[in-house]
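Residues or ranges marked as ATP binding site by TrEMBL: 30-37, 147-150, Ile176, 184-187. The active site, proton donor feature in TrEMBL is assigned to His37. Residues or ranges marked as beta-alanine binding site by TrEMBL: Gln61. Residues or ranges marked as (R)-pantoate binding site in TrEMBL: Gln61, Gln153.
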Amino acid sequence: MKYVTTKAELEAERLNWEKDGKTVGFVPTMGALHEGHLSLIRKARTENDMVIVSIFVNPLQFGPDEDYDAYPRTIDMDKALAEKEGTDVLFVPPVAEMYPQPPYNKVSVIKGTDVLCGKSRPGHFDGVATVVLKLFLLTRPNRAYFGQKDAQQVAVVKNMVNDFHLPVEVIASPTIREKDGLAMSSRNKNLTSEEREDATTLFSHLKIAEDRLRSGETNITELEAEMKRSLHNATSGTVDYLEILSFPSLTKELKDKQVIIAAALQFSKARLIDNIIIDI
Ligand SMILES: Nc1ncnc2c1ncn2[C@@H]1O[C@H](COP(=O)(O)OP(=O)(O)OP(=O)(O)O)[C@@H](O)[C@H]1O
Ligand SMILES: CC(C)(CO)[C@@H](O)C(=O)[O-]
Ligand code: BAL
């Protein structure tokens, strides 16, 4: 595995592969790798000749009171894990390599960003779209792999790719969970042991809502309100949102063939999100 930190080093690798007609799979991450990330790398490994993984904690997608500084950083372990999964290039740019000179131009994403995390974290998805576009242009992948845990992110990135005619296939991969159902997330490291125990209630509430929908519940507003109240009572965290929306359009009106039940819980030092997507 090549460990590269500059655009020039990455480009040198990329040009070699281009010359040889190799296909490229790309897995963007913010590091502190876990089985969720590794599942994406494994998928990329089986579907492409070459695999690029990036680790970059992107300041542009964090709000001023968010956890940019406290975000887990475990680069030595990440290098070993990425190498073990057969990554060809691990791209770990310093902030100045991605954002050399302020002020920064940004991509503005307005589709599907007025709900869920987009509503709670203003500007977050502009930051995500900006860095993902830059990373796509640097890595020029045939396929890029994202986790369904961040379902709104997948929808935003797919819309951007579609609207800007970017020549990349965006592939969404299922959420990998701990044995007790908690979605794996780098931020789980920032939970206290009590918070870790009660974090499982996030997924169990999504499951209850799923069961209710599957058994024919049609009063979505009432179901959301009930689930939100119950989640509030079951956790020491603060319920940021629990919403049931059409997927992938993320509208209240259930116009797509799928529905997303999504929730976010804010704990003392970690904000966790999770969702279940079901066919209707
Ligand atoms: N449990 C998971 N299963 C599948 N994919 C995941 C999982 N967790 C993260 N991913 C995906 O890995 C990619 C990189 O995510 P990121 O580095 O932010 O990790 P994270 O664990 O989601 O961290 P965070 O604590 O920020 O939520 C994203 O596409 C994300 O959706
Ligand atoms: C896609 C991403 C790497 C962009 O910074 C990030 O939002 C993430 O890790 O999900
Ligand atoms: N995986 C989501 C990135 C973020 O929360 O900033």
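Count begins at 1; order follows the chain as displayed.
Each Cβ is built from the backbone N, Cα and C atoms, and glycine gets one as well.
The structure, with features from TrEMBL marked on it.
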{"residue": "Met30", "record": "ATP binding site", "Cβ contacts under 8 Å, 6 or more apart": "Ile55, Phe56, Val57, Asn58, Tyr71, Ser186"}
{"residue": "Leu33", "record": "ATP binding site", "Cβ contacts under 8 Å, 6 or more apart": "Ile55, Thr74, Met77, Asp78, Leu81, Ala82, Ser186"}
{"residue": "Gly36", "record": "ATP binding site", "Cβ contacts under 8 Å, 6 or more apart": "Gly147, Lys149, Thr175, Ile176, Ala183, Met184, Ser185"}
{"residue": "His37", "record": "active site, proton donor", "Cβ contacts under 8 Å, 6 or more apart": "Val27, Thr29, Val53, Leu81, Gly147"}
{"residue": "Gln61", "record": "beta-alanine binding site", "Cβ contacts under 8 Å, 6 or more apart": "Gly123, His124, Phe125, Gly127, Val128, Val131"}
{"residue": "Gln148", "record": "ATP binding site", "Cβ contacts under 8 Å, 6 or more apart": "Val154, Ala172, Ser173, Pro174, Thr175, Asn275, Ile277"}
{"residue": "Gln153", "record": "(R)-pantoate binding site", "Cβ contacts under 8 Å, 6 or more apart": "Cys117, Phe125, Val128, Phe146"}
Residues among the binding-site residues Met30, Leu33, Gln61 that border ligand 1 - Cβ under 6 angstroms, in sequence order: Met30
Recorded positions whose CB lies under 6 angstroms from ligand 3, from Leu33, His37, Gln61: Gln61
Recorded positions close to ligand 2 - of Met30, Leu33, His37, Ile176, only those whose C-beta is under 6 Å away: Met30
